[in-house]
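Student: Let me give you the structure first, and then I'll get to my questions.
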């Protein structure tokens with residue numbers, strides 16, 4: 001029996017299931033041209049699926065519930081043999097990632113959601129999805145699909161992670177990353193490539209950056225708040241400048257990375273004589289921590305208010321410092337994470353990261 005249920009769930013996930021009779025009634029009517037083609041008209045109860053219209057917000061490492069309920073118009077009291085499918089959509093809706101399928105109380109999760117996703121059915125005709133230990137790549141739109149025989153209705157819920165977008169260049173300099181290298185660069189800094197929606201949100205909050213960078217959909221874009229000649233021209237309105245889709249292997253740009261809230265803390269260590277990069281890594285290890293990644297420093301600045309006017313090493317070999325309260329001798333008049341680039345020489349403090 002478990003193997004049979006698993007086979008049914010797998011077929012449901014692939015979309016190759018066959019309908020069964022469920023008490024709904026249909027009229028089959030020949031078309032007007034008499035070519036043998038049929039139209040199916042429904043004249044029974046209507047299946048309605050509902051999800052929230054406003055986004056559901058969560059954060060890295062948290063648990064989140066994506067609400068989904070269904071009902072019939074007019075109402076049907078009889079117990080139904082319902083099948084439920086959850087999938088994650090791409091930004092352009094061209095492809096879906098299977099998340100979970102269920103028949104009754106038996107369900108199966110797929111891919112990265114295996115062991116993290118299950119149904120929440122506390123009330124009658126509820127099909128909500130619970131995702132535990134939320135990850136950065138979970139951000140996006142999800143389809144809740146309810147299948148009752150020939151009836152198949154769905155609605156979409158938007159899951160958004162609270163986070164921060166930051167531009168990233170590797171030690172080799174500007175425009176050195178193809179798409180796949182940009183993906184790896186963000187992952188190595190505790191982040192993922194940002195989506196367009198995440199970049200747009202960052203732009204609306206004040207992000208202004210004149211260097212073009214990869215996004216998760218393979219496009220190359222950059223956010224401009226203050227139009228200027230080197231950044232598309234003086235006479236263009238503020239907004240997101242786009243180069244459109246680029247060749248993922250041949251073309252090279254920077255990256256826009258997205259990081260969410262932290263499950264630990266970032267702290268600063270110093271030495272009277274400063275430290276080399278290797279000495280800085282060892283100091284963090286001696287403190288029971290590890291040298292912080294760029295994404296962790298940005299998250300600590302954004303969500304924990306980390307403010308330190310002392311430059312420190314990070315895991316990628318860069319030297320940076322976070323300022324939430326601008327003041328004399330600490331860089332520009334705006335809050336932000338300042339960068340000294342990737343010095344080959346010099347002795348600095350270090351930012352460390354420790355899990356709670």
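Any Cβ shown, glycine's included, is placed from N, Cα and C.
The annotation disulfide bond is assigned in TrEMBL to 210-231, 309-330. The domain 'Ig-like' annotation in TrEMBL covers 46-157. Annotation comment: TrEMBL describes 164-259, 265-354 as domain 'Link'. If you look up TrEMBL, you'll see 1-15 marked as signal peptide.
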Student: Select one residue from 210, 231, 309, 330: among these disulfide-bonded residues, choose the one with the most other Cβ atoms within 10 Å of its Cβ.
Tutor: 231
Student: For the C-alpha pair, I'd like the distance in angstrom between residue 330 (disulfide bond) and residue 210 (disulfide bond), rounded off.
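Tutor: Given the Cα positions, residue 330 (disulfide bond) is 23 Å from residue 210 (disulfide bond).
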Student: Would you list the DSSP helix, strand and coil counts for the residues of the domain 'Link' (265-354)?
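Tutor: DSSP classes over the domain 'Link' (265-354) add up to 20 helix, 26 strand, 44 coil.
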